[in-house]
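According to TrEMBL, the transmembrane segment annotation covers 49-67, 87-106, 118-137, 143-164, 176-195, 207-230, 275-294, 306-324, 344-362, 382-405.
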Amino acid sequence: MSEKKDLESDVSVPALEYRVAVAEEVKREVDAHLGVARVQAAQKVYGKYSKWILFVSLGLACYIYSLDGSTTSYYLAFAASRLNDHSLIASVQVAQSIIIAVGKPVMAKIADVTSRSVSYMVVLVFYVVGYIVIASAHNIGTVAGGIVIYAVGYTGLQLLTQIIIADLTNLRWRSLLSSLTSLPFIINGFVGPNIATNVLNGAGWRWGYGMFAILVPATLLPLIITLAWAEAKAKRLGVVDETITAVANTEQVAVLQEKTTWYQKIYRMVGRLDVFGLLLLGAGVALILLPLTLASTASNGWKNPSMIAMIVVGFVIIIMFGVWDPNFASRPVIAPRLLRNRTVVLVSWIGFFDFFSFYLTYTYLYSFVLVVKPWSLIDVTYFTSTQTVALTIFGIAAGAAMFFYRYYKPVLIAGLVIRLVYGPASPFYPLPSADLISHSGCGLMIHSRGVNGSTAEIVWSQILQGLGGGATPSAAIRSAMRRCASAFMNAWRSSGDMFFVAGRGEAVGAGGGGGGRAIELVGAADGGGGGGERARESRS
């Protein structure tokens, strides 16, 4: 079967044995039927206008998510400097990345076991509480705690948006519409830096965080109300019960409808979410990565016994997780059928290394440019938005190309090559370094490191990374989803697990960026003109 023909169907399973194994595994997931049934039932009650309201509300959610990402990332450097702990930025971001990655499968399961509206309400609570804690913090520890709380809401909003898109679209439209949810980043790539600069020069970084405790509820409530209305109407009309009967057998319906105590419900929920497995995985990854950022400030550095002990204990816990999850967990963190799927596994590792390379270079990029370039604060924020805008533009272009031509492999390979391979750091690079357009994104960033890197080089490095990076996720997600046994039931599982592994790369990259200390801010300022003084003045 040709690739083009494959993409016309929501299901493409190459082997009968795999199909049978998947069917048996899905059959055991009795709890999944209820969440899926609610989504299917809600779709039946949407009319023409209510569906448009849903899309507009989803657009508002995407916009506030984009505005958040386009502004608050600038505040952390100033908050950490004002609290005299700038060197701990990487540690804070590692903790945030771990929560973001571990939180994705949890949020996906909550969305499927309960409902989409309930999941959005959970997201809203974490979002608001987290930003209130950050805005009122008086030390870096409180800031870190607030960021960890907020990260649950942030990752939930990101994932739920993709889940809603998967609910409402077929496979052909999914990549294009998923890319279009990033469209606000183009607008906020210019609006965000202006807002961030005015906030930093005026109200201060605390209000930069605090205003989202007001804006997020205002923009998410229309979406929550629309989803809750559809779910309530479907229940009132009896559509939910009919759908449950259609997707589950008699025994499963009885299990779903039986009355249980609160204790039994909590016990079942803990088992469904595999809380113990998530705790093992989160603790193991944290203990391995945090020493990478803490060793430079610890007494005796890497000779400190606690650094080695943390890493050793971390690996032991990871091994425990590897034993627990496939053998004892009733609902494993990562579905076994996806681990047996070569496409999903390879796509996940592509996401891992993509996130790894991004955060390895991006963690201190803002601080680096503040020091070594004599740019104004607004110019620095525009620069750090360059890759985000490029990612959005080329991501949408890649989604459109796959929609019209129905090929994804050439898009994926071209994106990876542009992102990494064809540059001065590559043995395949035959052209002179003056030919900037022929450099790869990561290769050009290596070539332009230090205070003597030209403006053209560092800007092109961000554009080319955005060009290659924008094409990679769209093609990767599409290739993963087309290998699932049921696109409707498993789209969120494949994307959630893929983002979960990719999020591990985010944490490793942030840890490596902090541990390697690729830039020493004071030292980098030597010979850098007035950039160092400007940075110190802006942070004072």
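Heads up, the Cβ atoms here are built off N, Cα and C, so glycines get one too.
No curator has checked TrEMBL annotations; they are predicted automatically.
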Rank 118-137, 143-164, 207-230, 382-405 by Cβ pairs under 8 Å to the transmembrane segment (49-67) and hand me the top one. 207-230
What else in the chain is close to the transmembrane segment (306-324), if you only count residues 6 or more beyond its ends and a Cβ gap under 8 Å? 276-277, 280-281, 283-291, 294-295, 298
Could you tell me what the rest of the chain brings near the transmembrane segment (118-137), counting residues at least six beyond its ends with Cβ under 8 Å? 79, 83, 107, 110-111, 143, 145-154, 156-157, 160, 206-207, 209-210, 212-213, 216-217, 220, 223-224, 227
Stretch in 87-106, 143-164, 176-195, 207-230, 344-362 most in contact with the transmembrane segment (382-405), if contact is a CB pair under 8 A: 176-195
Same chain, outside the transmembrane segment (176-195) by at least 6, Cβ under 8 Å from its Cβ: which residues? 58, 62-63, 65-67, 69-71, 74, 161-162, 165, 169, 378, 381-382, 384-386, 388-389, 391-393, 395-396, 398-400, 402-403, 474, 477
